[in-house]
Amino acid sequence: MNNNAQPPVCCDTPGRSLSERIGRDLPRRYRAEKRFRRLGLTAIVVALSFLVFLFGSIIGSGYSAFRQTYVELAVTFDESAFTSENLAAADFPGLVKQSLRTMFPEVEGRAALKNLYRIVSPSAAYTLQDMVAENPKLIGTTQRIWVLADDDVDMLIKGQISGAGEEANRRLKDDQLAWITTLRDQGRIETRFNTTFFTAGDSREPEQAGIRGAVMGSFYSLLITLLLSFPIGVMAAIYLEEFAPDNILTNVIEVNINNLAAVPSIIFGLLGLAIFINFFGMPRSTPVVGGLVLTLMTLPVIIIASRAALKSVPPSIREAALGIGASKMQTVIHHVLPLALPGMLTGTIIGMARALGDTAPLLMIGMIAFIVDIPSGFTDPATALPVQIFLWADSPERAFTEKTSAAIMILLAFLIAMNATAVFLRKKFEIKW
Amino acid sequence: MDFPALLLVLMLLAVGAYVLGARKAMAAAAAGGGIRSLHSLPSHYGMLTAVAAVLPALCLAVVWQAAQPPVLTALLKASLPAETQALSAGEFSLIINDITNVVAGNFTPGADQTVIAEAAQRYMKLQDTSDLLRTGIVLLLAAVSTALVYARITARLRARNIVEGVLKALLIVCSAFAIFTTIGIVLSVLFEALRFFKIVPPHEFLFGLDWSPQMAIRADQTGSSGAFGAVPVFAGTMLIALIAMIVAIPIGLLSAIYLSEYAGERLRTVAKPLLEILAGIPTVVYGFFAALTVAPLIRDLGLSFNLPVSSESALAAGLVMGIMIIPFVSSLSEDVLHAVPQSLRDGSLALGATKFETVKNVVVPAALPGIVGGVLLAVSRAIGETMIVVMAAGLSANLTANPFQAVTTVTVQIVTLLVGDQEFDSPKTLAAFALGLVLFFFTLFLNFIALRVVQKYREQYE
């Protein structure tokens, strides 16, 4: 680089001139080298900062969903409300409204009262109902009960919507804001850990919505996928790697598997809709069909991983087994398969993680319906975790945004756990031959 | 006995048959002068008997289970009163639907629906008879085939060869699943697409410039002409894929080159798994990110430059899709760069080239076919990607090259046409399958070429 400092001595001899020319070029070439190196590093930094940005924006908007706002009510279980034998027939919403009216006796007029009632979630009545069903002795007493606040109140308490601005443009009106401030000053509003989110099914009311139903739907679908795709995938890999003769049929199967691994997942959804639902008449929106579609999608992944695992078992193992008189099948089952199994399991877990995150094929087979009940079997209508995320992302309520982000965090936690298991298995059982 | 219980009984039978077969083999061995006189291990005889107990019976049970509903429905149809049978096909299928709902317990027939109630009764009776018959025949078959094999067990029976033959057949069937899946895909999209092309001629679909698949219910309705010209949809797909590739190719390729040629061991062990996380994130998460974070960001940015940016701009969807594709490009190209022999690099460096010049003039040209293959795979991925575009791209089919406008894609249209009510006699629903057909064959074509190129490239240096 300091060649520049040296003045040219002589330019007549051609050798000198060549090294001169090289010397003159060197700074430029080194600069290009440095530039390129920096460019490569920038590319990695840019890619990784996308990752950080993505995680940051999701965690930033989702962590608040793990807490939920509750309001304390003093409910009088008036005996006059429980005249009928059937306790569930009592007017529980009325009890909730009554207690709100006693808390704010100054509120009058239909519109104002309606606003007042909107502070607590409609689920408050069910909370009361459950309490009475569990303990009928409550009738005739007055209890202080924490019930879910409405999602707008929740958003306000968490600071995600503000009470400022034009009243007509706000979800919470001025009188509601005043009541909330009063309740807050009295210590009757607080945020707690959101258990509803983990125990409830879907709901139109954000404060009552949970991911339990979606998680169970994903669980049943993936169970079917695992039970079918692992044995079929492993057996297919064994045949192709250990037994298949080198002929056209084998070639066709191999090309097919490689291509299937790259077919867009939505096409598998079309297959599920046309074949499983329309042709075989299987029930729509159920984990059975979801599981079958995901099986077809996961199979190529598992087959490719299992073949790689079989390929990494050295031939000496096979030769040794054959040498002491084992049959080909015995060699494979007794000696090659156990050595390849960790690799196959790793591939299977990665395939299952992909199946867990996949949404598009499930939309096609109707696992996108609004389902409140938590599925309890393979043929109950269900959604899946990623589909739930999609459904909530489409909901207009502000409170569903944080629920969506929180559901994404749960989904990512599952995926990270699965991939970590795969990495752990690989590290633990990896054999360097 | 219902199907799961039947399976359980068959499994128990298999265990019993295994013990029986192994015992008989041991007895034959004892009679014939010790265990060495047996052709196979006793366990092979056991397995053979177990296979005989289960395999034929299981096949029959599965076929029966699959054939039962259509056969029973046909019997039921024949038994319905004449006036019901005279109804139109649509009404008739409604009645059948009601009956199956009554049978499933989802629906109680009203007082005026005696026909349905009686039919449901009959159906349930038929079902019971069928179940009973199935259980009897399946168990009988299991017993007979077990007995047949059991009787033939001698010391010289080549049990191992037979068992291994059966196992091998099972392996072949499993590996044929890939072909079944492909055939299933082709048939499912092809049949519905052909029905679509009977209504809308293929040239109109492939070259038409107007896409508005909502069918008009009334004649005077506007905006729902039922036009099926897919060019704007294809153009939108290409636009978004192009934006994605403009993001993904430079970043992915440069990171791959840096990681494989420059980076130290430490950076590689950290950066590679982190990049792979990008590939592992579900696309619905990217979709949410695109719709909620990136799209408003781009719109606000555009507004500050006085640019009219749609809130469902192609740019937002393409950008996020590009982020998703980065790890595909980078990991595929890194594999390819690794396959370039070290001697090529050494030769270039020995001639005095800098590392950059080596990469530019030697390594990348040598790896180019593989890189192109990897990029083609990434393009096919981008075209088939669904959730990001469903959540972040628009629904209206604009024929435009402006990345700030909303465009729609093939996958978005498939989802919107098929989610919700489906009528398999309207071109609206069938159009989704025609789009699926195009998507399948186009991505298949890309994948096929890409895999071929990558394979050829690998062979070149092996």
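Using the three backbone atoms N, Cα and C, a Cβ is placed for every residue, glycine included.
Those TrEMBL annotations? Automatic predictions, nothing curated.
Distant neighbours of the transmembrane segment (B:45-67): 3, 6-7, 10-11, 13-22, 24-25, 38, 130, 134, 137-139, 141-142, 145-146, 148-150, 153, 157, 159, 162-163, 166; these residues of the same chain sit at least 6 beyond its ends, with a Cβ under 8 Å from one of its Cβ atoms. TrEMBL lists B:45-67 (among others) with the feature transmembrane segment.
Feature annotation from TrEMBL assigns transmembrane segment to B:132-153 (among others).
According to TrEMBL, the feature transmembrane segment maps to B:165-191 (among others). For the transmembrane segment (B:165-191), same-chain residues at least 6 beyond its ends with a Cβ under 8 Å from one of its own Cβ atoms are 51, 55, 433, 436-437, 440.
Annotation comment: TrEMBL describes B:227-257 (among others) as transmembrane segment.
What TrEMBL records for B:234-450 is domain 'ABC transmembrane type-1'.
The transmembrane segment annotation in TrEMBL covers B:277-297 (among others).
The transmembrane segment feature in TrEMBL is assigned to B:309-329 (among others).
What TrEMBL lists as transmembrane segment is B:362-383 (among others).
Among the features that TrEMBL reports, transmembrane segment is placed at B:431-454 (among others).
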Cβ-based contact of the transmembrane segment (B:362-383) with the transmembrane segment (B:227-257), 3 or more pairs under 8 Å: yes
Interface check, the transmembrane segment (B:431-454) with the transmembrane segment (B:132-153), three or more C-beta pairs under 8 A: no
